[in-house]
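S.K.: Checked TrEMBL, it gives:
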DOMAIN    95-113  domain 'Glycosyl hydrolases family 22 (GH22)'
SIGNAL    1-19  signal peptide
Amino acid sequence: MRSILIISLLGCCFAAYEAKIFSKCELARKLKAEGMDGFHGYSLANWVCMAEHESNFNTRAFNGKNANGSSDYGIFQLNSKWWCTNNSYPSANACNIMCSRFLDDNISDDIACAKRVVKDPNEMSAWVAWVKHCKGKNLSRYLANCNL
């Protein structure tokens with residue numbers, strides 16, 4: 001009985017750290033609820049497209065291999081040089097947050113930071129994947145059949 005209890009408790013702990021992988025429509029609904037549709041002039045489809053190409057909608061996406069030594073975190077791949085701190089790389093930490101906070105399944109803080117990013121002069125061009133895959137393209141497929 002004791003071992004069943006221990007295994008159950010461990011299972012709960014590990015489940016809390018699992019990644020959430022959003023569907024396109026699930027992410028679109030969440031972003032819309034958080035005021036991202038039209039935020040700073042960018043349609044909801046732009047945000048969904050960017051997230052798909054940055055992280056494949058995975059909240060635990062992590063890239064620790066940037067040429068400058070920085071890392072990218074979470075569904076929007078927010079960078080440790082500019083937007084968050086990981087305490088191992090000098091950072092402007094413009095979103096005033098630990099990078100590890102972008103690796104859980106609560107993306108409200110990721111969204112708040114993305115809003116901060118898009119207010120900078122580079123706007124959505126801060127995300128290379130957005131420039132390459134989304135900018136100036138027909139993005140209607142990102143919201144198709146979502147019933148928003």
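Note: Cβ is positioned from N, Cα and C throughout, glycine not excepted.
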S.K.: Counting only residues 6 or more past its boundaries, what in the same chain has a CB within less than 8 Å of a CB in the domain 'Glycosyl hydrolases family 22 (GH22)' (95-113)?
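M.R.: Same-chain contacts beyond the flanks: 17-20, 30-31, 34, 36, 59-60, 62, 71, 73-76, 78, 80, 83-87.
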S.K.: Take the domain 'Glycosyl hydrolases family 22 (GH22)' (95-113) and count its residues per DSSP category (helix H/G/I, strand E/B, coil), listing them in that order.
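M.R.: Here the numbers are 11 helix, 1 strand, 7 coil.
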